[in-house]
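I have placed the structure first, in the form of structure tokens, so that the comments after it can refer back to it.
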Amino acid sequence: MDMRDPKTEKMTVIEPKRAEYTQEFSEMSRDPDASIISFTTKPQTVSLRVIALGLLFILVAVLTSLSKQFSGADSPQCRPVYMYPSYARIDGLDERYTTLAKKYHLYLYREQSKDRDPLENGELQLDGIPVLFIPGNAGSFRQARSIAAASATLYFDEAESIENPNTKNLDVFTADFNEDFTAFHGRTMLDQAEYLNDAVGYILSLYRSTQDQTGPSPQAVLVIGHSMGGVVARVMPTLKNYIPESINTYITLSAPHAVSPVTFDGDMLKIYKRITNFWESEFKDRSSFFARNVSLISITGGVLDSILPSDFTIIEEIVPYSNGFTTYTTTIPDVWTPIDHLAIVWCDQLRRVLAHILLESVDVQSPSKSIPLEDRLRLYRKNLLSGLEDYAAQDMSINSMPSAKGSFFDSLEDFSEVKINEKLVLTDPYVHSRSRFNLFTVPESTEDLQFAILTTVPSLNVQFCQRNLVKLDKKGSSQGWKAKCFSATSDFVKVPRSASDSQYPSDSSSGEQEEPFHLLLVNETLLSSYDFIVVESSEEIYENNNFVIAELTNRKTKRLIDDNPFKIFFTGLLSMRKIVDSSLLVSTFDMTGLYSSIVSYRVKSLVSEGSPLFEPFFKQSIDKPFETKWHVNLKQGPQDINFHSVAPFVTLNSSDFKSLKLTFINPPGIDLSIILEVNWPLTIKMLFIRFRLSIAAFTIGFVALIAAYQFRNYSTTGQFVAFDTAMDRVLNRHWIAMFTLIGLLIPLSSLINYSSIAYFANLKQWVMPTSNSSSVGTFFLGVSELFMWWLGPFFLLMTIASVYVVYRLIALLEAVAGWTATKSRSVREMSRNDQFGSRIIDGHFQNARQLAGALIIIIAVIFYIPYQFAFIVLTVLQALFCVKLAVSCTRKEVQNLQNFNNTILMLMIFLVPINAPIVMVFMRNFAIRWETPFRSHHNFLAVLPIILLIESNARYRMPLKTSSRDLISVAILVWLLHMSLYSFIFGTRNLYWLHHLFNSLCAMLFLKTFA
């Protein structure tokens, strides 16, 4: 800035500019709205109400999010874990093997008193199967300890429970990334993937030099990735240093496969696009190594994950079901609890399941160290799905007939027949009323046929028989029979226990005192292959309050309900009941109109009095992706329903299997009905998990809209009104149009393909620079659910209130600074000197110090710092200059200048959160003394116009007033409107691009300064 004393230095006076400026000021003085900071401007009624309503919504949303607690099936029930960890750093992986050896490190985990000591005589001891753990965003290599410890405990202490003769203990390697912010920076993700490829090569070389091993040397490793570590694992095979066929098993925990969780970095979006295309193309080629050998399982914690929306973890659009699937921890048998983002690596119930999966999927005799792909998927379906999905039915033993070998079942006496639609109940009160064998005859017509059996006995003998040979007596009654039968004992699936003392489904999970129930559900397709079903009564049934309830029915067990959220809302207000068919053991409500993840519901159950064998319970499920939740003991109160199906910003091509299903298991003699209503507190709580990025985009869009009004008014009247004055005028004059248009965006998104709009507007290539998606899910809020039309106005109100509060804080700071400065003698003397007008009319471009500062920033961006760091510095300088204006400039003719600078500051402040994450990554690298220059974001052109504009501002310049039809004036106005529209429509999934839009705006403003 020019701090020369006008008393001692002559300056060139440009009289026409002074005259023009004086004329402008005389016009401004007649306008009561042209205030520098409109503390004195009284907002009109409409704008005041809009702002007040926005503040109220913010308060309600925050309080609701904090006060609403998850309950029932959504409550956290993970048990704590204990282990005795030790880590051995692999120092041999140095610069000879990887260029990133100084930044990243590799460790080998060993469970004390179980695993072999990592070092012996100075040599690394490896005798197991290699597993590589990849931590996530800001994650630690120590997060591998829980799963590694569970695997060691299972192998060395409970080996008899492992159903794999070729299993072997695991050598768990874990990567130390110095807690890098992987999610914020695409180059960091590529660095990690490059390092891991080198690490895999080094690990495999260690086994080739190891003498003490069983079977052939491994040629591949198993990979476990947490959070962004799962995405890094998918990046690895796309890089040049990837060793072909070195990984064939990927298990990811809460990893955002579908879309990038944040959009601050354009490189990150490009990487996502590239790896998605790579994996899709590999799986489409059915002869490729990927299609024939690679499995990818995505496990997510569900509703408790407040860091990453679980909708982002689905892989259904990337991986075919022949190679993997997505599952939720509430779905997994013996887990049955949601898990938060960090706990998913240590939750005791889940780590037990993962340990079994790892040890049962390895094959020490194979060079790949894993069982074949089909066997792996069968193992995953058995252990990670509820077993009630159609996708899991392919693994049922009774589905393998007729290729499977059955047994001949022969009985001449002691059996009884159970009629169709009649329940078989076996328990202590009925000990003398039933025969040893109970026979269900399958009718010729199997339409709507369903066989269901629920029991507390884990190994109940149930046989599905065919080629029925029946002996008849003279009266035509059955005397005996002989048939080929297939045991269905292994086809039972575990379901949570539901008793009067049950609170959570996880009460009967692995490691708990209570045992779960066992359910077998067979549909008409499988039943058509058999003639009858035999249920054997054993003595175990009549002990310890055990029971068996079985039913073969041809009644309709599935009821299609086409209620949409609007209807649910109104019927919930009227408390209208839906009756569950109490004559059926298992019945399903298919809610075909409920498929949106952003609407939550509440089920109020009305249960009749009685002493049933168990309390009624139900399963909520989504077929694809596979999400199941169990709600037990319906007498204990309302049940919250939150699910993941059609979600914002996530594309699901399949049009089927999206709807919510409620499957009720009802005890005999109990009547059950439900009231379904919208759960507003839970709906609002879940909104902010999914739309956090939208808040950043909306604030920039609204500020740009207000700035457009300010520049339009400046071009026509010469008055650059204060930001809050412009905001007041826009709201009072255009609030109806604003809220109407934004309220129509969601309904329109369900009817119109926005890609056509983008095409005809010739925007597709440059408004969506990193996305080729044409789905509605990438626009606005990514929502097409008509019921949520109010989301646009809801977020706009909160945006307006937030922007207003931020501006008032800036105005308050400037007012305090100005008031404080008036107490200073130097400032009073400065204000008495007519120096500011001379500065305004100074014709010099810049002094040497300003030029040097600008050059230093530009050179630093080119060679060392990211341009985002320079932007943060420039924002601070702009803020200081605004304060200086408030302190040193009291004459009314500088109102335009200060209002202009405040508007620029507002835009920069709301762009700071978009640029800050990259700066965090840079500072993290600086903190660990990483010597290599930051390897991205060195495009100085991305910040040069901003540097020039801030320098010009510091010289007390602003864009000159010209005709409103001037080309540059029109360009500025159009660009601000475009920036606003882009922020609202495309900004959420392209936040990084908003910086470049502002950068282009600064170039126009700088040119306008000299136009």
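Even glycines carry a Cβ here, placed using N, Cα and C.
Straight from TrEMBL, the features:
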- 46-66: transmembrane segment (TRANSMEM)
- 125-360: domain 'GPI inositol-deacylase PGAP1-like alpha/beta' (DOMAIN)
- 691-711: transmembrane segment (TRANSMEM)
- 695-1007: domain 'GPI inositol-deacylase transmembrane' (DOMAIN)
- 735-761: transmembrane segment (TRANSMEM)
- 797-822: transmembrane segment (TRANSMEM)
- 902-924: transmembrane segment (TRANSMEM)
- 966-985: transmembrane segment (TRANSMEM)
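Taking pairs at least six residues apart, the transmembrane segment (966-985) and the transmembrane segment (691-711) share three or more Cβ pairs below 8 Å and count as touching. Sequence-remote contacts of a segment are chain residues at least 6 beyond its ends whose Cβ falls under 8 Å from one of its Cβ atoms, and for the transmembrane segment (46-66) they are 681, 684-685, 687-688, 727-728, 731-732, 735, 794, 797-802, 804-805. Confidence in the domain 'GPI inositol-deacylase PGAP1-like alpha/beta' (125-360), given as mean pLDDT, stands at 95. Within its own chain, the transmembrane segment (691-711) has Cβ neighbours under 8 Å at 262-263, 648, 720-721, 723, 726-727, 729-730, 781, 791, 795-796, 798-800, 802-803, 899-900, 903, 906-907, 910-911, 913-914, 959, 969, 972-973, 976-977, 979-984, 987-989, 991, 994, counting only residues six or more beyond its boundaries.
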